[in-house]
Amino acid sequence: MLVWLCGLCLVTLAGGRSAARLPLTEGRPTADFLPGDASLVEELLFGTGDTIELSCTTPGSSVSVVWFKDGISVDPPTWSHTGQKLLKIINVSYDDSGVYSCKARQSSEVLRNVTVRVTDSPSSGDDEDDDEESESANAPKFTRPEWMEKKLLAVPAANTVRFRCPAAGKPTPSITWLKNGKEFKGEHRIGGIKLRHQQWSLVMESVVPSDRGNYTCVVANKYGTIRETYTLDVLERTPHRPILQAGFRSNKTVVVGSDVEFHCKVYSDAQPHIQWLKHVEVNGSKFGPDGNPYVTVLKTAGVNTSDKELEIQFLRNVTFEDAGEYTCLAGNSIGYSHHSAWLTVLPPAEPVPDVDTSVSILAAAGCVAVVILVVIIIFTYKMKMPSKKTMNTATVHKVSKFPLKRQVSLESNSSMNSNTPLVRITRLSSSDGPMLANVSELELPADPKWELSRSRLTLGKPLGEGCFGQVVMADAVGIEKDKPNKATSVAVKMLKDDATDKDLSDLVSEMEMMKMIGKHKNIINLLGACTQDGPLYVLVEYASKGNLREYLRARRPPGMDYSFDTCKLPEEQLTFKDLVSCAYQVARGMEYLASQKCIHRDLAARNVLVTDDNVMKIADFGLARDVHNIDYYKKTTNGRLPVKWMAPEALFDRVYTHQSDVWSFGVLLWEIFTLGGSPYPGIPVEELFKLLKEGHRMDKPANCTHELYMIMRECWHAVPSQRPTFKQLVEDLDRVLTVTSTDEYLDLSVPFEQYSPACPDSHSSCSSGDDSVFAHDLPEEPCLPKHQQYNGVIRT
């Protein structure tokens, strides 16, 4: 039972356990515990199935009381009153959690407030076990209070909001979210909520004015409870017609009898009206006299239809009559939006007729005979090869064969062993030194799928070079197999005459890596190779607009603080949507590389190339990089190291994962929205190490929304596992791209000079910054100014 004795609150549970205890003061109760003072709210934690007894102390013994739960008078049959001053709750459950208060029946004065929280029942045990557990156990505490300093958050409608309460305790505490004092699970919120318990966060996408209020996180275990409250204010947006998420226009082709789903995600400040329509023909015509199409309504809003149900159109066991055009139509008081997709229904595949057994036996025997004949021919040919080779290379003093080992970033569970020889190269040279005196004397096995005759390749102007390799523009005839006479502009990677065996190994390794990765729109794809009768040429896609960093800098709007050429107008003015599109395309490319188990390790704007039609393509993902023998504090002869793009675990522990690539992607986002700015401008490398360890991060760029900056900060999470995946980044950026206006130009008053390096870039004669294709070390060391210049771009 529960009794009040001089300030002592002892709640007795079934079995005689004490759930919570308040301090006891000898003699008279202190002012904090006077019966008439309800300013103190006791918090009590119970397990499911317990029995709770709550008492209410009154000024006089004859005063009767009334009990309330969350402000509502309660008296269910499972509860009992003893003189109405003792409330007993039997076999408690989660629903019994809440704020209990008692009032004098003839008065509105609250005599007592008690918050009851019900969690999973702790395992029972003897007193000794409890004592041992209590020695190592502790109450919850917030682990990152600096993340919780901003208590008031004001955002425009349709943005994404995240509240975080990172905490720790033993046993691991639970977290519950309240909105305006009541438990909040988002059941009645359009779009719902995301509760990420591993990140101790509450996420609400596409917020609307009705989301305003106070949000409280309650973190508790059986040793204590802590809470923190945030205030959210949602600013009204300009009304607009419904916005339909990109991606619906995906035509479907299925076999008759299959099930089909069409999805239509709708964003609207005003309540939208959603309909699914199927286009039909009337008297052989698809359109009426007024020019509008004939349609039949498949699904529309109803009393018992939820928004989520309306966003999906199911077609069960489709027939040929179901084929045709389907449209999702969404409207509100401002206007209408619609997307359409086609459904094609195919007949089932005809079963293969049974073949006579004797015919099968004869066919099998014929195949075996052909295989045996081919083996004999190959064996005979191999036997004759040594004598021919000896005759052709009689003047060679030394023949050296070495296997090329993969040095690319593939995860250990890849289907290819990282030490598997990919290509065996015969080096024919009269020199015993380590240099290749004549690259043309190398012999590589031809790959028919990729081999291109040198006669069909016309080399053009140089595009860039490094210490050991160079890239030139060229015209290749016959790259497109279906157009054998068409010339295509390509970029050709090749070695210099003084390249070493390792340089050749790296270039061949990159070529083989690109073969294995496959093709994607947002990566630089392999087009072919010249491996016979001359030096090794690797043909890749040509990006006419150069790398993304210089592309953005060339398009900075002119202004009084423009630090480059104030007399030169930018080639074209970028909109905010253009920048989001750049980020989205790079995320798509990285999502594909991650799906192929490829870790880039040097993702930055300088390693993203831009084609003539503004397609972003990730480059240098197949490079061999020695990440274990680099001194990050020293400049090497191969250029500068990219410490400003590296995740802390890669920088300090040499650990490279997809999560470290996500960190680099966050820095690349910052580069995009500063139009090619240099990260951490004016921060010396030694100071940068210290700032990163202390949790400091770059501030929000001027032309970046709060939502996109939150994506950057998520990429820069100190714990790699709590950073978003590239798949999640693609989804987030797709949503941002969908709701972004196409005519939202950048703020011309922003001084982009603040994002420029504090000292000029200094390239060595062998800098790999321009030609990282042949770099053995990672390119680009941060610029080291003489004086620290923070420029207000570092924040905690």
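Even glycines carry a Cβ here, placed using N, Cα and C.
As annotated in Swiss-Prot, Cys328 shares a disulfide bond with Cys264, one of the listed residues Cys217, Cys264. Residue annotated by Swiss-Prot as N-linked glycosylation site (from the set Asn283, Asn413): Asn283. According to Swiss-Prot, of the candidate residues Asn214, Asn703, the site noted as N-linked glycosylation site is Asn214.
For the domain 'Ig-like C2-type 2' (140-233), the DSSP counts in helix, strand and coil order read 10 helix, 50 strand, 34 coil.
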